[in-house]
Amino acid sequence: TLQNWNKQNQFLLKTKQKMSSGSRRHRGASKPTRQQQGAAPPALFDDTSDMPQAGFGMQPPPPPPPPQQGFYDPSAHQAFASDPYGAGAYQPQYQPPGQPQQPQQQSYQPSFNPGQLLNNPMVNDMAMQYGQQVFGQGTQYVQENLNKYVTNSRIKYYFAVDNAYVGKKLMLLLFPYANKNWSLKYSSDEQAQAPQQQQPQQSVPVAPRFDVNAPDLYIPVMAFVTYILLCGVALGIGNKFTPEQLGVLTSTALVWLLVEILALLLTFYIFNLNSRLRYLDLVAYAGYKYVGMIAIVLSGLLFSSLGFYIALLWFGAALAFFLIRTLNFQIQAADHSSEGHKRRLYMLLFIAGLQPLFMWLLTARVLS
């Protein structure tokens, strides 16, 4: 038993020695070196303790740049759907390649709606009052300056017509060969003058509605307007109508009328002729050509070129005959000699010859 006890003690001592030597080796291997003692242990997570936190006195990080042009942007789609025409709609701008994107700054601009301004009753009242004031001033200015040259009574004289006069005058212009009386009727005021006046007052011709031979401006004006409209119809039939053509025809006709009046006045001065004709009388006699021009254009539309030239010869000769017989009693020579009568005859032939020429110039270009 003692031997067994000794064997057990020896076995326990060896076991303890082995355990003590193993623990020493383990402590020697796990003991860090000086270099390992100075190094920091590996970090499991990033250390964010030194980064600034958003709070009082700190600015938040900048927003991300806007999307590139050509990519779909849901925010832009929502902005366009909510305000398609307003100032806050998204409008992409071109950014050159190679440059960093810059944040776009949008500024709100209030939109102007003219319909709200026009529907404002205060604005409408102010505009109406201003328009009435301007129209009144313009009318007064025209009347004051017009009365310096042409009185209202003289203008009214040329428009004192009725239906009977217009019908008889048109027949006289288109078929003048059957008329026998070409003299004008005058209303003398000699009975109303004072006995002490030595020179009698000049006789005044009666109103056109009382004398078919008296000149008027109603027929020339209406014939001029009808001629312009009929020319527009003729151009439309020929597929040549434009709105500008009516303006060109109107201005051309007015210019030729002015040229004719100036030519007549110059001829009166050169031939040294006396006449009872006034400026408006010349305008009336020169404007009667538009009646024949209407018939010429209608004949050209209905019967082509043959009808045009036949109508031009007839109505040109009719107007020339009418002017010679009418003006024969109103144009007199200054010296009452044979030379003066020749000048008067030349003047009548000159006036009569101008009418067919102007009628052809103003109608041939429309039907060409």
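Every residue, even glycine, has its Cβ placed from backbone N, Cα and C.
TrEMBL lists 1-22 (among others) with the feature compositional bias 'Polar residues'.
Feature annotation from TrEMBL assigns compositional bias 'Pro residues' to 59-68.
Residues or ranges marked as compositional bias 'Low complexity' in TrEMBL: 84-93 (among others).
The compositional bias 'Low complexity' annotation in TrEMBL covers 101-111 (among others).
According to TrEMBL, the compositional bias 'Polar residues' annotation covers 112-121 (among others).
Per TrEMBL, the feature region 'Disordered' maps to 1-121.
Taking Cβ pairs closer than 8 Å, the transmembrane segment (217-237) reaches residues 158-159, 161, 166, 169-170, 173, 208, 245-246, 249-250, 253, 280, 283-284, 286-288, 290-291, 293-294, 297-298, 300-301, 362, 366-367 in its own chain, all 6 or more past its ends. Feature annotation from TrEMBL assigns transmembrane segment to 217-237 (among others).
Beyond its flanks by at least six residues, the transmembrane segment (249-271) meets 224, 227-228, 231-232, 279, 282-283, 286-287, 343-344, 346-347, 350-351, 354, 358, 361-362, 366 of its own chain at Cβ-Cβ distances under 8 Å. What TrEMBL lists as transmembrane segment is 249-271 (among others).
According to TrEMBL, the feature transmembrane segment maps to 291-324 (among others).
The transmembrane segment feature in TrEMBL is assigned to 345-367 (among others).
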